Ligand SMILES: [K+]
Ligand SMILES: [K+]
């Protein structure tokens, strides 16, 4: 690891990010261990607290204890703060405090923010953070009110406001935590248009990536969308449409059977949006057909867009690989997209992120299938969910063995930081090759 | 598809190969439908005959009826011929007949052979075919005798010779068909050194690729190994060693429990070699732990080396992708291996082969998990086995539904021709790009 100049202890930006995230998780775990954090007033063991804090900071949503009934309101507030810090990235939060405290933000802080938000350029990152924060507060606030109005039909007023705020923040940050009790997630609202459309809109806005949202916001004036944004929109649209269609096709006469027509359509749409990588569910995931569960695994693996609150290998990585195959099959030497050429090292990077991710999921699935016994598909599902920071489960999370819990904790952490930070570690240490070796071919495939 | 000049009906070499394979399969299926082909003297339905012929020509070894008891000796001879034609590639066979009939072999035939053997150069392909045939006959003959001697301890003499020949040809061609009866494969010989070492040596020799074997054979004189051969040897060695170690580790106290020490070691070694992509087994695959079955799925997916009788995405594809990740993580712009630079289009090709293969396996697994119900891991295993032309099964093949049978037939066909022919279709149609678009970056991962 090359050390950047001037950082404390000579840490590179990826290293600072890793330590920062770890620090926030540990602080959160300690808070959650306190008796005041639980509804029962008893303390919580370290592994359970660590699991919950990691799941919150990594905006995953996998839980070993039920969020709505196990934790006190204080504990839930801690979880919500961890989600917000984890979702925006702790550097954005730190910048926010720098700004309101009137401190000057130097180049090294800017480099860290760039890393934290996965941006291509250093210029304008502070302005970006300000815009991100305004956008976040406005969006979360608006939908918190809409959801609170809806929940007020079922609950009293202060409770409804808290439910609206919690689920709005959790959905926008693609965290997937819920307060409905009994590990039920949003299954009580499978046919409800307000909850379905509010939550999916929050998920999609949070998952597009801030830079993309900004570009779309400015589009009426600029009349220009970057290659990145066009790819994000194309892939996101195709995955949501294709996913909804396939889910409906597979489950129409099964899990969707008893829902009214609009409920069938809403539930198909919801279950197509949520694997990328929100983690709420309005139908019981464990009761789906295996092919549907497999479809969800694929969607979870692809995930959201870069520089967003979501995880997975990212839409652009998936899109770039599809484009590579397409360009190659047309006999082109360059990888081309929307009349632009993609540099080879970017294609290599997409490939590396994907293969490292496949390797990680394979390894952890193998560990879980040893330690947890039983259903292989459930192990693959749980691992992919943790890697993609999704939070959906076929139901095995609360019963995980200690080794399984630790494996999932590490996978959530690697999933939140890995593809992003590993990729940036690659990109930053890229240097001109001094010696260029002669080419030689290999027979492939 | 660009059509090459001068081929009959203006077919490109990949198209000729696809039609040729399909023709051989169809002819084989018709022969197997005859009453004379079965032990019972009754005819066989078309789908069963087609499944068996496809499995033989694609050197897969998945069977819906037991080879040793269902088919007559005539039927078994037909199967053995289909294996030999399919294993060497039908163009090598055609060349062989051209040669012995003294006919001149023109450029277009040479192009086809090059395609059929997945060679990088046209020059010397006819000499290569001659060497391949000699090498094949010598190897198969030698081990047929060794195995016949071993089988003579358990069977009478003409029977032992037939068993020796059949299993030698089937192992060298990585076909995995056996005559032991009751779908038992070689489980009766789990601790037998002669059978274990003969069969694994045949599998490895057949799976290295003819060009690689020739290079190693000439090495004492030339003192040079190509980049290709060095990569093949490195990856093959690592996979066999790593696979044996992991298999032993997982199954030592389970499926290997009742074997003597040397039997434990032999069985671990055998079960590490056979998924790549021979298809014999000496322990019951359906009884292994799920993590072990998953390990075998991974080995089956990687498969053998290019220009061999084996399938899968190939060792070089796997190796090239690992090297790409390694080069990238060292911050290099080029992909480098053994002090050689790999051209970007080769990396793209490896990537495309792998991703298309993952896509195919994913799709067929989804189909099987719909049509066959039940165990997801068994569906994934069966699909990967068919795609990699391996022939191992967790036991669901004989009970496949008609839709499942057709899906597996198409997967075996695509697996035998696909990665190879698709890849060559890519490579041949590669042309200089006329317009080079400006570069633009995308956020990845
Ligand atoms: K999530
Ligand atoms: K085979």
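In case you wondered, yes, glycine gets a Cβ from its N, Cα and C as well.
All annotation found in TrEMBL is predicted automatically rather than curated by experts.
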>> Between the candidate ranges B:251-274, B:347-370, where does TrEMBL place the transmembrane segment annotation?
In response: B:347-370
> When TrEMBL marks a stretch as transmembrane segment, which of B:128-153, B:154-179 is it?
Replying inline: B:128-153
>> Counting only residues 6 or more past its boundaries, what in the same chain has a CB within less than 8 Å of a CB in the transmembrane segment (B:194-219)?
In response: 87, 117, 119, 128, 131-132, 135, 139-140, 143, 146-147, 150, 167-168, 171-174, 186, 225-226, 228-229, 232-233, 236, 240, 266-267, 269-270, 273-274, 276-278, 280, 282, 304-310
>> Ranking B:16-34, B:128-153, B:231-250, B:347-370 by the number of C-beta pairs under 8 Å to the transmembrane segment (B:294-326), which range is first?
In response: B:231-250
> How about the transmembrane segment (B:46-65) and the transmembrane segment (B:16-34): at least 3 CB pairs under 8 Å, pairs 6 or more apart in sequence, or not?
Replying inline: yes
> In terms of Cβ proximity under 8 Å, which residues at least six beyond the ends of the transmembrane segment (B:231-250) contact it?
Replying inline: 204, 207-209, 212, 225, 256, 264-265, 268-269, 271-273, 275-276, 288-289, 291-292, 295, 299, 302, 305, 315-316, 318-320, 337-338
